[in-house]
Amino acid sequence: MTRKIGFLGCGQMGQAMIQGMIESRVVEPEQISATALTDETIDFVADEYGISISNDNKKLAATSDILFLAVKPYMYEGVIQEIKSSVTEDTIVVTVAAGITLEKVKQSFDFNVKVIRSMPNTPSLVGAGMSVLCPNDFVTEEELAVVKELFESFGESEVIGEQHMDAIPAISGSSPAYVYMFIEAMADAAVQQGLPRDKAYKLAAQSVQGAAKMVLETGKHPGELKDIVCTPGGTTIEAVNMLEQTGMRSSVIQSMNAATARAKELSKGKK
Ligand SMILES: NC(=O)C1=CN([C@@H]2O[C@H](COP(=O)(O)OP(=O)(O)OC[C@H]3O[C@@H](n4cnc5c(N)ncnc54)[C@H](O)[C@@H]3O)[C@@H](O)[C@H]2O)C=CC1
Ligand SMILES: O=C(O)[C@@H]1CCC=N1
């Protein structure tokens, strides 16, 4: 991969992708440039990742072949107005934002701009990301393949139709947060029983990772895998029964529906 990659906005998600890309060695730090608002972030990112970083968005846009917009959704309009004269029909713009539609981005640029709407997640930082991509009509198959390769440098990726994009934050963009809460809660319960906290986090996190790997690698239904853990008359079925009584499944479904409702609000331009 020899293309020049730009990150306009270098917060939590931008840095996770930058770190994942560099760590994978699919791109060299010299290929990546970024912008940030504050000197503090500029100094930190330059030191931490060894990439070139400034506060000049127009220059970044003019010199990037693939330009990631990693700012918050409500900042898109302002940022696009700032850079649109520096972006050409050859630039591939990659949006990284809940609720920003392909049509909205094209309208803001006001020309046939190549756009790939993406929804990554922060485990990209450790090469275990899950990203979903959706290109507009001006992106060629070859260009999509190049960008997909970039996303796969820090995890897995899937291409889907835009009608599903508002549902993606809930299932993969935001979901690491709920899993951290689950891990924290399990650790708290273990600490209540007297386990040291550091051991409790390790046991909970490794079990979550192992369970996820079982789903991905055995191809078995999650329900079947759960049944295998439930020894008749044993401990697991007691916990499963209590999770059902306290509404765990319903809580997860309602929470994810709330995340999707927020994505739909953002796509209607609500701040
Ligand atoms: N945090 C996450 O887990 C995920 C975030 N996203 C998306 O990533 C985007 C960024 O979110 P976060 O990284 O969480 O927020 P953040 O607040 O950590 O990062 C945003 C960064 O943009 C910078 N920025 C703001 N205006 C700028 C400008 N005019 N020029 C240059 N830089 C500017 C800010 O200084 C900040 O560092 C959002 O659109 C969000 O939907 C998507 C998937 C997961
Ligand atoms: O919370 C958010 O809006 C972003 C999108 C998915 C994860 N973080």
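Cβ atoms are placed via backbone N, Cα and C, with glycine included.
In TrEMBL this protein carries:
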- Leu8, Gly9, Cys10, Gly11, Gln12, Met13, Ala70, Val71, Lys72, Pro73: NADP(+) binding site (BINDING)
- Asn57: NADPH binding site (BINDING)
- 4-99: domain 'Pyrroline-5-carboxylate reductase catalytic N-terminal' (DOMAIN)
- 162-266: domain 'Pyrroline-5-carboxylate reductase dimerisation' (DOMAIN)
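Cβ neighbours of Gln12 (NADP(+) binding site) (same chain, under 8 Å, six or more residues apart in sequence): Thr122. The distance from the Cα of Cys10 (NADP(+) binding site) to the Cα of Asn57 (NADPH binding site) comes to 12 Å.
Close to Leu8 (NADP(+) binding site) in the fold, though at least 6 residues off in sequence, lie Ala34, Thr35, Asn57, Leu60, Ala61, Leu67, Phe68, Leu69, Ala70, Val71, Val79, Ile83, each with a CB less than 8 Å from its CB. Within 10 Å of the C-beta of Lys72 (NADP(+) binding site) we count 15 further C-beta atoms, all protein chains included. In the predicted model, the domain 'Pyrroline-5-carboxylate reductase catalytic N-terminal' (4-99) shows an average pLDDT of 97. Mapped onto DSSP helix, strand and coil, the domain 'Pyrroline-5-carboxylate reductase catalytic N-terminal' (4-99) counts 48 helix, 20 strand, 28 coil. Note on the domain 'Pyrroline-5-carboxylate reductase dimerisation' (162-266): DSSP counts are 89 helix, 0 strand, 16 coil.
Taken over all pairs of the listed NADP(+)-binding residues (Leu8, Gly9, Cys10, Gly11, Gln12, Met13, Ala70, Val71, Lys72, Pro73), the Cα spread reaches a maximum of 14 Å, rounded to the nearest whole number.
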